[in-house]
Amino acid sequence: MAEENYDSRKIDGRSLARKVEEQVEKGIDQLQAEEGIVPGLATILVGADPASKMYVRLKHKACERVGIHAEDHEMPEYTTQEQLMQRIWELNEREDIHGILLQLPLPECLDEKAAMLAIDPAKDADGFHPYNMGKLLIGEEGLVPCTPKGVIRALEEYDVEVQGKHAVIVGHSNVVGKPMAAMLVNRNATVSVCHVYTDDLKKYTLDADILVVGTGVKHLIKADMVKEGAVIFDVGITEENGKVYGDVDYDNVVKKASLITPVPGGVGPMTIAILMEHVLMAARNFAETH
Ligand SMILES: Nc1nc(=O)c2c([nH]1)NC[C@@H]1CN(c3ccc(C(=O)N[C@@H](CCC(=O)O)C(=O)O)cc3)C=[N+]21
């Protein structure tokens, strides 16, 4: 018997990202024509972690594609907290920088919370500032974390009904799981948040209409753990011998899913496209208030 072809179930994150980026590009042209403003993003990378360097490079390339002015602030591994804060304060004051992205994780000896708290919430392109997180929780979604926002955008683009559905999130990180839960609750889903301490994970995943997995455990989710027809987002990345793996055993799980994101080419490119959208949003807000 011939192998079935499941290609139509794949959520193509790259083409979705391209679509978002095209909209951003238009918005940037308009902002420039009407207000004379070019959106600016400053990235801060402390240390020389190769993966972090690659992610920052992807973001700069996206800025180039859409017309955002991007600045690369590379700081040495031995940067002090004071020096990092100083740099953030400088960028907060700059009128030509509308978004600030502090690449995580920071070297151990630096205080991540204090640094994130120092970023002007209006320039918080990542949406990680407690002020923006708090707004998200009360249903005011402005600058919100980019990865879960990318998932929401994909749900919209593929016309997936969210209201009343059981959305199960595996992983309760501050950058994915928790903001994802808030966004899905804001859209009237019934939400379960599972994590490493969850007893009987399979009981929850098997009941999920929408499943979002972000744990960093390679192929944690197998075909026997998902419901027939589920919509699945794989937010995990594990690098092994130069190959990237997701948290979902795609080749087998695709046979049960109605829609599913691959890794790579799924949620990753969407995250970056949403970041571009947020820099434009921050620049627009700046134009309105200055
Ligand atoms: N302050 C902060 N903001 C972040 O947004 C942030 C961060 N810190 N720290 C690290 C993570 C990771 N991250 C990725 C974004 C895009 C891809 C991406 O586009 N990946 C490609 C594959 C790239 C490849 O491995 O070849 C894909 O999935 O198709 C991956 C990872 C953003 N992060």
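Note: Cβ is positioned from N, Cα and C throughout, glycine not excepted.
Counted within 10 Å of its Cβ, the other Cβ atoms near S173 (NADP(+) binding site) come to 17, all protein chains included. If you look up TrEMBL, you'll see G171, H172, S173, I237 marked as NADP(+) binding site.
The feature domain 'Tetrahydrofolate dehydrogenase/cyclohydrolase catalytic' is assigned by TrEMBL to 11-126. According to DSSP, the domain 'Tetrahydrofolate dehydrogenase/cyclohydrolase catalytic' (11-126) comprises 63 helix, 19 strand, 34 coil.
Taken from TrEMBL, the feature domain 'Tetrahydrofolate dehydrogenase/cyclohydrolase NAD(P)-binding' covers 145-285.
Taking a C-beta cut-off of under 8 angstroms and a sequence separation of 6 or more, G171 (NADP(+) binding site) has the following same-chain neighbours: G177, C194, H195, V213, G214, T215, G216, V235. Listed in sequence order, the residues of the same chain lying 6 or more apart from H172 (NADP(+) binding site) and placing their CB within less than 8 Å of its CB are K178, A181, V193, C194, H195.
The Cβ neighbour count for I237 (NADP(+) binding site), using a 10 Å radius over every protein chain in view, is 18.
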